[in-house]
Amino acid sequence: MNTTTCTHKDNPNFWIFGLFFFLYFFIMATCFPFLPIWLSDIIGLNKTHTGIVFSCISLSAIAFQPVLGVISDKLGLKKHLLWIISVLLFLFAPFFLYVFAPLLKTNIWLGALSGGLYIGFVFSAGSGAIEAYIERVSRNSAFEYGKARMFGCLGWGLCASTGGILFGIDPSYVFWMGSAAALLLMLLLVVAKPKPNQTAQVMNALGANQPQITAKKVFNLFRQRRMWMFILYVIGVACVYDVFDQQFATFFKTFFATPQEGTRAFGFATTAGEICNAIIMFCSPWIINRIGAKNTLLIAGLIMATRIIGSSFATTAVEVIALKMLHALEVPFLLVGAFKYITGVFDTRLSATIYLIGFQFAKQSAAIFLSAFAGNMYDRIGFQETYLMLGCFVLAITVVSAFTLSSRQEIAAAAGAAALTSQSR
């Protein structure tokens, strides 16, 4: 008996939460791509102060991420957390225009702290909570999470081009567009009726779904060289790249005759990149299964180094747009490669913990310091000289990671050797 024939086409939860992804990432795209431009051109912050704002966002993210993770697990399929995030997103425009902006102009630290708390909660930490919730719904409602997640790429891409046009007319329109989209988010939550899977309910009652994880096993992770080498890659490559990308929009628009023209071009380039991102995201598992997770991470590192170093030598708008498009290759290879690496090298029962601590937490923690450092360097020596330093560092860590990251074959060989040693005793 086939129970999954009409899994997606006739599954209301697939379409409801696919649209939820679309709208949520649409709203997120009213913030992040244009935030550095808004901070510099509208608020008048220098690059050092912009770096402080991004550092506060990272600090808030690492504070909220584990808390929201625990709350999300306890709530299960209850929509309480999604309602809180959606209501806060409805206040997106009022907060930015009437709280965040005045505070930034009055006191950079108060403004950065308030913006960091808000953006860190609804976006940096909230996105993980939403993704975890919808992934749970997908398992209970029998649809593929990855296919629903692709709606998010389309939402981000659509908003990037629309927002780029509106930003040139009146930046406040972009924020009000985000608040309006939040109303549709709340409407989706009203009609969404995720139901627990009956089999899962029985298994939970029997205790069969309880993870066999202890605090000792978690702490033992940090005694493993493999864990620290993975964290080295995450901080030295992925984190540095994120810091580079934070203020890239400000650098990008300097290649155009007017800031408005540059903002519009950045929006269109982001849209094209997100469409390519969605296509490559769909194909990336097929590629990664053939080349292996370690090689995928190394390729991602080379792509990131190429974009950063290339940006330091860019002299025309065409060159900087082409370099921007490399982001569409990097994102799928890094995200899918990281998950494949974690599940292939470490105990799969600890995969969520490793991803939270070794990837998200490590990256956000390092970004607190690197964002402020990069912002200061932009002011002191300029974008391109700083990019050359960052790019060479990323390239160096990628080369080192070729020798320090583990492959599945190396893990299997080590396990086999350990088994033979045990038998010989």
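Placement of Cβ uses the backbone N, Cα and C atoms for every residue, glycine included.
Summarising the annotation, Swiss-Prot assigns topological domain 'Cytoplasmic' to 1-13 (among others) and lists a curator's inference as the type of evidence.
A Cβ distance under 8 Å defines the sequence-distant neighbours of the transmembrane segment (14-34), meaning residues of its chain 6+ beyond its ends; these are 7-8, 89, 92, 119, 123, 127, 130, 134, 137-138, 141, 143, 147-149, 151-160, 163-164, 167, 171, 174-175, 177-178, 181-182, 184-185, 188-189, 191-192, 249, 263, 266-267, 270. Annotation comment: Swiss-Prot describes 14-34 (among others) as transmembrane segment, evidence class sequence analysis.
Summarising the annotation, Swiss-Prot assigns topological domain 'Periplasmic' to 35-50 (among others). If you look at the topological domain 'Periplasmic' (35-50), the same-chain residues 6 or more away from its ends with a CB under 8 A from one of its CBs are 101, 104-105, 108, 112, 167, 171, 246-250, 253, 259, 263, 266, 372, 375-376, 378-379.
Under the heading transmembrane segment, Swiss-Prot lists 51-71 (among others).
DSSP assignment over the topological domain 'Cytoplasmic' (72-80) gives 5 helix, 0 strand, 4 coil. If you look up Swiss-Prot, you'll see 72-80 (among others) marked as topological domain 'Cytoplasmic'.
Summarising the annotation, Swiss-Prot assigns transmembrane segment to 81-101 (among others).
Annotation source Swiss-Prot lists topological domain 'Periplasmic' at 102-107 (among others). Residues 39, 43-45, 53, 114-115 of the same chain lie 6 or more positions beyond the ends of the topological domain 'Periplasmic' (102-107) yet place their CB under 8 Å from a CB of it.
Summarising the annotation, Swiss-Prot assigns transmembrane segment to 108-128 (among others). Packing against the transmembrane segment (108-128) from elsewhere in the chain are residues 24, 28, 31-32, 45, 49, 52-53, 55-61, 63-65, 67-69, 85, 88-89, 92, 95, 99-101, 360, 364: each is 6 or more residues past its ends and has a CB under 8 Å from a CB in it.
Residues or ranges marked as topological domain 'Cytoplasmic' in Swiss-Prot: 129-149 (among others). Assigned with DSSP, the residues of the topological domain 'Cytoplasmic' (129-149) fall into helix, strand and coil as follows: 18 helix, 0 strand, 3 coil.
The feature transmembrane segment is assigned by Swiss-Prot to 150-170 (among others), with sequence analysis given as support.
Remote same-chain residues near the transmembrane segment (172-192) are listed as 13, 16-17, 19-20, 23-24, 26-27, 30-31, 34, 79, 82-83, 86-87, 89-94, 96-97, 159, 162-163, 166 (criterion: CB distance under 8 Å, separation of at least six residues from the stretch ends). What Swiss-Prot records for 172-192 (among others) is transmembrane segment.
According to Swiss-Prot, the feature topological domain 'Cytoplasmic' maps to 193-227 (among others).
What Swiss-Prot records for 228-248 (among others) is transmembrane segment, and it gives sequence analysis as the kind of evidence. Sequence-distant contacts of the transmembrane segment (228-248) (same chain, six or more residues past either end, CB-CB distance under 8 Å): 36, 47, 50-51, 54, 222, 297, 300-301, 304, 307-308, 311, 324, 327, 330, 334, 338, 341-342, 345, 354, 358-359, 362-363, 366-367, 370-371, 374-375, 378, 383, 387, 390-391, 393-394, 396-398, 400-401, 404-406.
For the topological domain 'Periplasmic' (249-267), the model gives a mean pLDDT of 87. Sequence annotations record features per position, and here Swiss-Prot assigns topological domain 'Periplasmic' to 249-267 (among others) based on a curator's inference.
Residues annotated as transmembrane segment in Swiss-Prot, with sequence analysis given as evidence: 268-288 (among others). Sequence-distant neighbours of the transmembrane segment (268-288) (same chain, 6+ residues past either end, Cβ-Cβ under 8 Å): 29, 33, 146, 150, 153-154, 156-158, 160-161, 164, 252, 296, 321, 324-325, 327-329, 331-333, 336-337, 340.
What Swiss-Prot lists as topological domain 'Cytoplasmic' is 289-297 (among others), and the listing cites a curator's inference.
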Next on the checklist: Per DSSP, what is the helix/strand/coil residue tally across the topological domain 'Periplasmic' (249-267)?
Outcome noted: 16 helix, 0 strand, 3 coil
Item to check | Counts by DSSP class (helix H/G/I, strand E/B, coil) across the topological domain 'Cytoplasmic' (289-297) | outcome: 8 helix, 0 strand, 1 coil
Checklist entry - To the transmembrane segment (51-71), which of 81-101, 298-318, 326-346, 354-374, 386-406 is linked by the most Cβ pairs under 8 Å? => result 354-374
Item to check | Same-chain residues near the transmembrane segment (81-101), Cβ under 8 Å, at least 6 residues beyond its ends | outcome: 24, 27, 30-31, 42-43, 68, 71-72, 75, 111, 114-115, 118, 121-122, 126, 129-130, 133, 172, 175-176, 178-179, 181-183, 185-186, 189
Item to check | Within-chain partners of the topological domain 'Periplasmic' (375-385) [C-beta distance under 8 Å, separation at least 6 from its ends] | outcome: 46-52, 54, 247, 250-251, 254, 311-314
